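Before any comments, here is the structure.
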Amino acid sequence: MNEWTPVATVYNPLRAGSIDGTDVDPHDRAVWRAMVARYVPNKEVVGDPHHTLFVSRLNRQTTEEKLKEVFSKYGDIQRLRVVRDIVTGISKGYAFIEYKEERALLKAHRDANKLIVDQHELFVDFEQERTLKGWVPRRLGGGLGGKKESGQLRFGGRDRPFRKPINLPLMMSDHSFTDRQHTRGERQLSQERARDRQREKGIDRDERWRDRSQDREKGRARREERDRERERSDRDHDKERKDSKRERHRSKERNSKRVKDESRHRDKGRHKDRK
């Protein structure tokens, strides 16, 4: 049995989904997804993870220059990166700051948490993706913060540590679930749950396919309606143009007829005068 700590030293999705880190069975689908996930940290990320600070809950308007101004007072910054949307370029509300020295990192970790920047209270912690063994990101059901899967929380981090268990000696170790799988009953249970997951994946895939098909049909219907509206508009415009042209032609004919009548009337008058 591993010694209990309020902050996780090894990431275990089953413990992270438990308020005190003592659960032995997953109670939501996100925990299951994290347990079966095979996540490998991004190898293209540069910098020393042990000198890197994770800063979140940023104001979306906060810039790199503002962060550098705030965090440079703790020490020399090697590199700073605000994570932005690849399409819009809008900040996602978190950043990574790498310091040149470890003491600067520790000082920023101690003093910068809950600092107010641009009317937002920051959350500051060490980078965990490359330093916490077994780490699984939130998008795969893991993580140590935020809400997902009907409001389910994650525990074991600085912001939301484990609560001390009531019966600490009976607590299972970090690897308890893996050890339990070696028994025959647990193997059967794991197989049944794996089949359930496969069925759920199949159902989800079918639902996504139906949703995409419906979206395509709706999009096609909208395009056809727009085309019909455009054709009606073009026909109405052509009709108005033809009516206007016809009216101008009629007006011209009436004017021409009136001029002829007036000319004829004048000719008759002159003829009478000569007589």
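Even glycines carry a Cβ here, placed using N, Cα and C.
According to TrEMBL:
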- 146-162: compositional bias 'Basic and acidic residues' (COMPBIAS)
- 176-246: compositional bias 'Basic and acidic residues' (COMPBIAS)
- 253-265: compositional bias 'Basic and acidic residues' (COMPBIAS)
- 266-275: compositional bias 'Basic residues' (COMPBIAS)
- 51-129: domain 'RRM' (DOMAIN)
- 140-275: region 'Disordered' (REGION)
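When DSSP labels each residue, the domain 'RRM' (51-129) comes out as 22 helix, 30 strand, 27 coil, counted as helix, strand and coil in that order. Confidence for the domain 'RRM' (51-129), expressed as mean pLDDT, is 95.
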